[in-house]
Amino acid sequence: MGAKRVTVRGARTSPIHRMSSLTPLLLMGMLTSGLAESPVPTSAPRGFWALSENLTAVEGTTVKLWCGVRAPGSVVQWAKDGLLLGPNPKMPGFPRYSLEGDRAKGEFHLLIEACDLSDDAEYECQVGRSELGPELVSPKVILSILVSPKVLLLTPEAGSTVTWVAGQEYVVTCVSGDAKPAPDITFIQSGRTILDVSSNVNEGSEEKLCITEAEARVIPQSSDNGQLLVCEGSNPALDTPIKASFTMNILFPPGPPVIDWPGLNEGHVRAGENLELPCTARGGNPPATLQWLKNGKPVSTAWGTEHAQAVAHSVLVMTVRPEDHGARLSCQSYNSVSAGTQERSITLQVTFPPSAITILGSVSQSENKNVTLCCLTKSSRPRVLLRWWLGGRQLLPTDETVMDGLHGGHISMSNLTFLVRREDNGLPLTCEAFSDAFSKETFKKSLTLNVKYPAQKLWIEGPPEGQYIRTGTRVRLVCLAIGGNPDPSLIWFKDSRPVSEPRQPQEPRRVQLGSVEKSGSTFSRELVLIIGPPDNRAKFSCKAGQLSASTQLVVQFPPTNLTILANSSALRPGDALNLTCVSISSNPPVNLSWDKEGERLEDVAAKPQSAPFKGSAASRSVFLRVSSRDHGQRVTCRAHSEALRETVSSFYRFNVLYPPEFLGEQVRAVTVVEQGQVLLPVSVSANPAPEAFNWTFRGYRLSPAGGPRHRILSGGALQLWNVTRADDGFYQLHCQNSEGTAEALLKLDVHYAPTIRALRDPTEVNVGGSVDIVCTVDANPILPEMFSWERLGEEEEDLNLDDMEKVSKGSTGRLRIRQAKLSQAGAYQCIVDNGVAPAARGLVRLVVRFAPQVDQPTPLTKVAAAGDSTSSATLHCRARGVPNIDFTWTKNGVPLDLQDPRYTEHRYHQGVVHSSLLTIANVSAAQDYALFKCTATNALGSDHTNIQLVSISRPDPPLGLKVVSISPHSVGLEWKPGFDGGLPQRFQIRYEALETPGFLHVDVLPTQATTFTLTGLKPSTRYRIWLLASNALGDSGLTDKGIQVSVTTPGPDQAPEDTDHQLPTELPPGPPRLPLLPVLFAVGGLLLLSNASCVGGLLWRRRLRRLAEEISEKTEAGSEDRIRNEYEESQWTGDRDTRSSTVSTAEVDPNYYSMRDFSPQLPPTLEEVLYHQGAEGEDMAFPGHLHDEVERAYGPPGAWGPLYDEVRMDPYDLRWPEVQCEDPRGIYDQVAADMDAVEASSLPFELRGHLV
């Protein structure tokens, strides 16, 4: 909120008189609006025409104190409590103070922004002595700052809810924050101002500030519940008072409870009704707690509250019972501040009928006899009357009696005696209770009269006697009787014993005894039988009282039991056995016979025996001699009945004791794959079962309890897991039981994946020689076609093995190579697959030894260096060959003395690539500008290349400028850079249209590009195009052969010749606006040449000297950085050195190709690797690609990298792991010096020893 500005002015002029009368009103307006303007006195002191009077301002407003000086040229400043504020309008040290007004008019008003309590002081306007007047000091002006209270601290805490009890006295305190003047504090309770307030004014936290502490005494009433108690603070600095308040929660007791009885007769209710009594209590904070009591005991403590209306509800729900008669129901209400409980009660008057009627005495009696009965009711209110009914006829009671009952009720009793007759049988006998109080209800008790008399006739219905019934037939016998009460019981008997159903559920349900059924006056009971042998000739009878009837059944049944008896229980091979078959009982008699496994046996008859169930018995015997093959076989006895056409059989199983015998299906050989599991099965027969199975392998017994890799199963089989090839062999099994022993021999054939045991790596051969790559494996099984060979490489066309012979015999495979060629060198993989995964893979390198081949892309190579004896030059000679190569150097045909300190040679070996770097220090034009020859030699021959060391010069013209694409408006160009003279070079294209005079020039960007698309051409126009190379020493000239080309653009309708080239383009400058522009350029050039001819020589010599000095300084101080840049440029097209370069001459053209942009696809050389790693701790540097090779006809660049890749093979597993199949170009990126801590088996091939 921005500060408010107050302006105070005053002078002894007419405006001052007009304002003075309004001063009180202005002051009031300023205090209420936040603006403070100093009143101006009616008369100003001498020397002043306007001064402020005392002023009061609110904190945070802007105040202006007026000071009008009659001598404008004087130095005027203000003083605050005697402290001079200075004449500077900005008043350093007082950022809120400043002087305002027109000094020429003598206005020096003090403006105070955002005033605070520190500005409450006395101020003087002081005028310094000047030519126009003496020193002057104004009267003191007092500035009073009003500070409003920022906060009120209320106790209890503001914003909270305070709980009080109505009628009690409480103290509330309110403390204001710092203010000036002291604020006034007022308390407001529920909208009413509290008068009983005491206040104290105390010093504030700072000087001139005050705080007010007020205390009020409050006696709350119930009407204050939910209202606010507010503390208001005010002082002149506030537009509106500040407030703090809390909410009063007043506790007071509720009103009395009220019960709302449903109906007019309070307390009268009938038993069985669901009574709902609501009880309500109004008012109270907290709302009332309600509970119901019955005869002084709580029955319900559940209630609900409507807080908005402060009403508590509780409903008593009960089912009225007779015992509730006279009960007192009470509803009580109270809360936490109640002095006691308030209660409302109701007494119940319960009406209830008799809960039951009982008839005492027996209603069963023989005909023509008296029956005496008594009818008795339960207690009722009011009493009831009784009457008797027999069917629809009322009977008169003998006497009636009334007695007192429970719960204030009465008991009624009536006695009755009458004579029973046969026709009264089955009639209902009823005792009825009635009363006027229960007019709509009837209460009665009924019994059925039972008059007893006997049955008249009894008989049985079923199969006729003497009829044959087959066993298992379902027979139904029915016993019938007429008349009788009670109903005849109809009891069945079998041979004088009562018939009953089986009691056990598991017994076969052969007898089903029905219940007595009644149809009119006829009674029946059914007996269903599943006929069996025990029913043969049995007598079945039915009885009802003194009456009885019977019948007899004849049953046909096969042998009830066929038993085989043996003369011996323990049999051994060769023992004699006598078996007897006995048929216990059958009807009619049966024929017996014997057979063994379907073969009929001769038998003899035995002595007959008596038979149960009134049937016939039979027996026959057979004689046998047993063997071990009979064990478990059966001999069967068959009993056949012709009449029944049924045969009953029984068998005897041989139990022959004999020692173990191995069966014919016993397996003798088992095959398993290594690391798998196998089961050696056992097929043995023995009785008793073998007591032990003992396995031995190679003379060692296997533990019967099992081991880490074997377990003997309960059947004797041997289970092996994690089988290894060491488990291959014969296993002997020894079986034993109590009768003897037996042995068997089983062979385990373990198949395992092949493992390469011998693979000569590397395998060496001279070019044109013959060699066998031999691969020897350990495998099982050995298969004729398990060997295969692969050649590893990047070019698919170089990987076929059609020119090689594959031979295998047993565990050895051979790849036979005849007339070896260089192209056959490289990595070969022997793959062995015998059907057990995984296949074995072994990597072997074929090293084809050949004579040195020096990389010499052109007949002559040039290296540029300054010949001022301050710079150095490096000659790079690289050759390929196996075995190792030795280098020699000559200069102009004379062997170079490498003992000369100016010559330093470094040699590096990377696979088949060998390098020699010759560094010449302090190059001298007289001594070192010569033709150097590098010769590479090994045991198979030698080769050489020539390198010419020349001076730094202008670049050679580019070569091979040709058109690669053409369109109506553009021409695509391509060329080869020439020798750059040892300095960075750039290219410029000059072209002209033959029909239009004048030339146009275009700079090629980027500067290293060797392709460019010239655009902005006209269709159907012939152009002549030149290519120019330049460096810091000049350009290559335009008159040399092969740097210009003529071309005619096609018409707009013709298709472009080649659209496949995507070359960098740059729009050439547009055609000159004036045709004479080329002429003007030519004239200007002549004028410049005439002026420059005088100083050309001097500048040329100074430039050469400067270049030489720079080369010398950078050679001595930063040779390593310079050489690294050259290496990085060659390898990654980085920054280039400007003082040395390597170029090679063209084969036909005498011009030179620049080697800076030539990057053959070869693996990094060993010296390049050592350049980054350092060599033997020597602090030196050498160039990377100072002399780069150009592709030769014998193979593409990079083809040498993977030919001699290292093979890393585990001594125990010669298979080539997939994780070791790395990029072959990175195998030789280390040197032996850096590998002292590496195991010998992990060294690259060429570092394990020489090939010769």
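Keep in mind that glycine also has a Cβ here, set from the backbone N, Cα and C atoms.
According to Swiss-Prot, the compositional bias 'Basic and acidic residues' annotation covers 1113-1127.
Remark: CYS67 (disulfide bond) has PHE48, ALA50, LEU51, SER52, VAL76, TRP78, GLU107, PHE108, HIS109, LEU110, CYS125, SER138 as non-local neighbours, by Cβ distance under 8 Å and separation of at least 6 in sequence. Per Swiss-Prot, the feature disulfide bond maps to CYS67-CYS125 (among others).
Around CYS231 (disulfide bond), the C-beta neighbours below 8 angstroms that are at least 6 residues distant in the chain are LEU152, LEU154, ALA158, VAL172, CYS174, ILE185, THR186, PHE187, ALA214, LYS243, ALA244, SER245. Under the DSSP three-state reduction, CYS231 (disulfide bond) is assigned to strand. According to Swiss-Prot, the disulfide bond annotation covers CYS174-CYS231 (among others), on the basis of sequence analysis.
The disulfide bond annotation in Swiss-Prot covers CYS279-CYS331 (among others). In the three-state DSSP assignment, the secondary structure recorded for CYS331 (disulfide bond) is strand.
Under the heading disulfide bond, Swiss-Prot lists CYS375-CYS431 (among others), citing sequence analysis as support. There are 26 other Cβ atoms within 10 Å of the Cβ belonging to CYS375 (disulfide bond).
Secondary structure from DSSP puts CYS479 (disulfide bond) in a beta strand. What Swiss-Prot lists as disulfide bond is CYS479-CYS542 (among others), and the listing cites sequence analysis.
Contacts of CYS637 (disulfide bond) defined by a Cβ separation under 8 A and a same-chain sequence distance of 6+ are given as LEU562, ILE564, LEU579, CYS581, LEU592, SER593, TRP594, ARG620, SER649, SER650, PHE651, TYR652, in order along the sequence. Annotation comment: Swiss-Prot describes CYS581-CYS637 (among others) as disulfide bond.
The feature disulfide bond is assigned by Swiss-Prot to CYS775-CYS830 (among others), with sequence analysis given as support. The Cβ of CYS830 (disulfide bond) lies under 8 Å from the Cβ of ILE756, LEU759, ILE773, CYS775, PHE787, TRP789, GLY813, LEU815, ALA840, ARG841, GLY842, LEU843, VAL844, each of which sits 6+ residues away along the same chain.
Taken from Swiss-Prot, the feature disulfide bond applies to CYS877-CYS934 (among others), supported by sequence analysis. Taking all protein chains in view, 25 other C-beta atoms sit within 10 angstroms of the C-beta of CYS934 (disulfide bond).
What Swiss-Prot lists as domain 'Ig-like C2-type 1' is 39-144.
The feature topological domain 'Cytoplasmic' is assigned by Swiss-Prot to 1100-1252.
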Counting across all protein chains shown, how many other Cβ atoms sit within 10 Å of the Cβ of CYS479 (disulfide bond)? 27
Using Cβ atoms only, which residues of the same chain lie under 8 Å from CYS279 (disulfide bond) while being at least 6 residues apart in sequence? PRO257, VAL258, ILE259, ASP260, LEU290, TRP292, HIS313, SER314, VAL315, LEU316, CYS331, SER333, ARG344
Let's see if you can do this one: DSSP helix, strand and coil counts over the domain 'Ig-like C2-type 1' (39-144), in that order. 6 helix, 46 strand, 54 coil
Need the DSSP three-state call for CYS174 (disulfide bond) to compare against my parser. strand
Can you tell me the CA-to-CA distance separating CYS542 (disulfide bond) and CYS375 (disulfide bond), as a whole number of Å? 42
From the Cα of CYS375 (disulfide bond) across to the Cα of CYS877 (disulfide bond), what is the distance in angstrom? 143
Cα separation, CYS479 (disulfide bond) to CYS375 (disulfide bond) (Å, whole number): 42
Can you tell me the CA-to-CA distance separating CYS934 (disulfide bond) and CYS479 (disulfide bond), as a whole number of Å? 140
Including all protein chains shown, what's the count of other C-beta atoms within 10 A of the C-beta of CYS331 (disulfide bond)? 26
